[in-house]
Amino acid sequence: NSSDPRPSFLLASIPGLEAAQSWLAVLLCCAYILALTGNGAVLLVVRLEPSLHAPMYFFLCMLAAIDLALSTATVPRVLSFYWFGTREIGFGACLLQMFLIHSLSAVESTVLLAMAVDRYVAICHPLRHAAILTNAATAKIGLAAMARGVLFFLPLPLLLLPLPFCSSRALSHSFCLHQDVMNLACANTTPSVVYGLTAILLVMGLDAVLICLSYILILKAVLRLAAWKDRLKVFSTCIAHICVVLAFYVPLIGLSVVHRFGRDLAPLVHVTMGNIYILVPSVLNPIIYGVRTKQIQRRIL
């Protein structure tokens, strides 16, 4: 097979549903508009309400901004393909989209960890919460999360940049992911495989372990309370964050499992899992916090 070091790639359509793609794109567009509206509302409410100028809500704003950026980096291009048939995506555009998806996911994972730590300090050390998590500290955490995402995942497109690619250019998703693009290279991809796995484990994997540890410590502190009513009242402050963590990590784990063990699965599974991974957190996060946080709910109403 001939190889081209700078090919364009072909985005994956919805197998068996090509004729209905225009209608499915309408549903995708509605979900995208919902994500834009919900996350934009969260940002606006926190910006306009002085009583919400606290670390917990600043972290929520970071989460909303990340979800806006992540969905905007992918969904418009997918809609362009589904509605206008522009299936081909250039090499540089694909690598840029891949970098944005992975780095923004890493930033979101770090922010979720910071929110778990915020809940731990608020419940286990309430008298020190204001001194530990100041507005300045919150801003530094946000900058550190961004730097962490960029530094860990910038090497991914750089490792793919010099590789030659074979004649097969068809991706298994409607957007570009590292493992998907890497599998199309007709060269040794061991450095890219090793680094990609290491970055995932050191960022998302480590964050997941630390979030679980935070909640184990929170649970121990809650169980020390005498009354069940007090236990439920304290732990209820964590319900929204737990739901947001699940909305992020469950699709991420599902997509990773499909990539690792699902080569024999129908292509529809790959496309569906990819769209769920991109859209579910962006749509659900503002809904979860809008329902669970009375201050945001009242201000929106």
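Glycine is no exception: its Cβ is also placed from the backbone N, Cα and C atoms.
A TrEMBL annotation is a machine prediction, not a hand-curated record.
Lifted from TrEMBL, the feature list:
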type	residues	note
TRANSMEM	20-45	transmembrane segment
DOMAIN	38-289	domain 'G-protein coupled receptors family 1 profile'
TRANSMEM	57-83	transmembrane segment
TRANSMEM	89-117	transmembrane segment
TRANSMEM	129-154	transmembrane segment
TRANSMEM	193-218	transmembrane segment
TRANSMEM	239-262	transmembrane segment
TRANSMEM	268-291	transmembrane segment
May I ask for the residues of the chain that lie six or more residues beyond the transmembrane segment (268-291) and have a Cβ under 8 Å from a Cβ within it?
12-17, 28, 31-32, 34-35, 38-39, 41-42, 60, 63-64, 67-68, 70-71, 74-75, 78, 101, 108, 172-175, 177, 240, 243-244, 247-248, 251-252, 254-255, 258, 262, 297, 300
Six or more residues out from either end of the transmembrane segment (57-83), which same-chain residues have a Cβ under 8 Å from its Cβ atoms?
11, 13, 21-22, 24-25, 28-29, 32, 35-36, 38-40, 42-43, 46-47, 89, 97, 100-101, 104-105, 107-108, 111-112, 114-115, 118, 135, 138-139, 141-142, 145, 174-175, 244, 275, 278-279, 281-282, 285-286, 289, 296
